[in-house]
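For reference, the structure is listed below as structure tokens.
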């Protein structure tokens, strides 16, 4: 069990590590050779070319201006200078809303920490409950005397914990409601002021039924002409362009090699570059590099043109999904938010995500397959969560050496060295848990892709939800259960079963020391390591030294990254959970959480301004998930406190806690009904206002041309005559005809021919 000395050793290690990371970043960021690593966003915007414009050869790699080293910490105030409206324009609403999660943590926990340290800490410390349990073989340290465990059973002092629990609940709900309201207004204002984008007019239609007499394209056009005659504009079919993507990627690689050989030849016109055709380019026949790669690029270009032509003229590559666009936002809102047919499993409509947000691989999955896939993933997720208890138990064994020594005395000489013991208990458990969680987000993201979500934003939200649940079950509950078992192992082996709940009630608050070590590793050193960007820095310089052949290669070698919602938000939610649970149980954890939220806010604000380049913009659509998880953490803290007080025989105060979960659930239902619709649906009133303003300002807007290729496959850029080549659009007047032509030989539920059929229909 970690003592105050162990916590001090861990704090010293992590503070020194974090300071070293921040110092290294402050020096690395001002070196010209690292400019693309630490300021990639400005390069992508075309607003930065070089950090040092003048100087000799050395200044191209090393900053020789020694005055800048004196101001090496000026990045901190600079990260806080940009006002929020300007930050929205610079980085998008998603990034700003993500940063507000850290501010939410500061708003909630700073007042709670002040109240806890002025009320509960003195109440806990001035008792002698743990001293009276020394004869019970219960392991504890001096730091545990600051927790609820130090109060003897049946003490009237538990009324203080009850009052603080009510204060925490009301304060947290107040801050959550105000933040939910503000972000909902920010989202609506952002959508109202946002420039015209294709997803504002477009609906994704999935599970299009097959028809023996009409192709998918003809069926889509006929359906929406009939059912949305005044608002339907055009549509974009979805193609299976897997082969085309492979060809485009190969041509890109060949083109880079061709550029490299041409540049090499230009530096020495007397020598033509040659390549060897054998293994890894080291053996075999020598050929002219420029001619070889020119021929390869030309051949791939012809193959790409042929593949595009096959996609344009064929129907087999078209999948039962389409992006349908409308003449107005109002028309798109009506279609996206209503059921289209009697059968709720056909013609499924939803708002289309941004073109850059679409995950095309999942668009063709049938409705039934989605259910089966999600069932499979649910089962796999259960076993993944269950078997992860094994490494969790291993981590907890490191954190509770005293309990193992009592149960297995023969191990005592190996782990009794004082400094080594402090490092093992104070630092190693946190870093071990961090390592075990390292590859989990990638696994969960692959699970989300297999489930069939059709946008990157929805994939990340789903992966974040599973990651949060995983951390709740394994990192939080698993650490408490297995840690308590190891911590009080000797006590469990030498007491009756009736006394076990009492022992658990005493030992659970003591697990705060383990979570403190984890917060310092992940929340202090981890956040400082994020701003250093050591991995992107190393990869960039390796690529720049060995793989970069052209200026285009150098641009692509820079990886700005994103805020990583699927990994970052669940980690933040774990701190919300720990803070709310231990605020009334062991308040000593709160200062460590406050340091995390403060440091993380400054660091990630800097990253959002200078580094991260978001792949999509969802206008803060993930905030309902954030709100729900904080509310869940609040309810868990109330239930856990209720259980702990029941084991402490606080029979008079415990029943009053039953009201808090009910009040919190009612608060969540109110917020869900009041604010969540702003994140799910688009108000028709807002759509009509924006449409009216746009028609007034741009009466001659050619919306069809604007939407023409917006949702074409990223590797499938069609020509100007795309509509005619694909046969997707017929010439039409502005006013839709009363009778819509169709090639369908019969209606779905009757054998009679359609009176609107073409005369030459089969």
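Heads up, the Cβ atoms here are built off N, Cα and C, so glycines get one too.
Automated prediction, rather than curation, is the source of TrEMBL annotations.
Range with TrEMBL annotation transmembrane segment, chosen from 350-374, 375-399, 500-524, is 375-399. TrEMBL lists transmembrane segment for one of the ranges 287-308, 309-330, 419-440, 441-462, namely 419-440. TrEMBL lists transmembrane segment at one of the ranges 543-573, 574-604, 605-635, 636-666, namely 574-604. TrEMBL lists transmembrane segment for one of the ranges 78-100, 101-123, 124-146, namely 101-123. Listed by sequence, the residues of this chain that lie at least six past the ends of the transmembrane segment (158-176) yet keep a Cβ under 8 A from its Cβ atoms are 104, 107-108, 111-112, 115-116, 119-120, 123, 148, 151, 580, 583-584, 627, 630-631, 634, 637-638, 641, 645, 648, 650, 653, 656-657, 660, 663-664, 667, 671.
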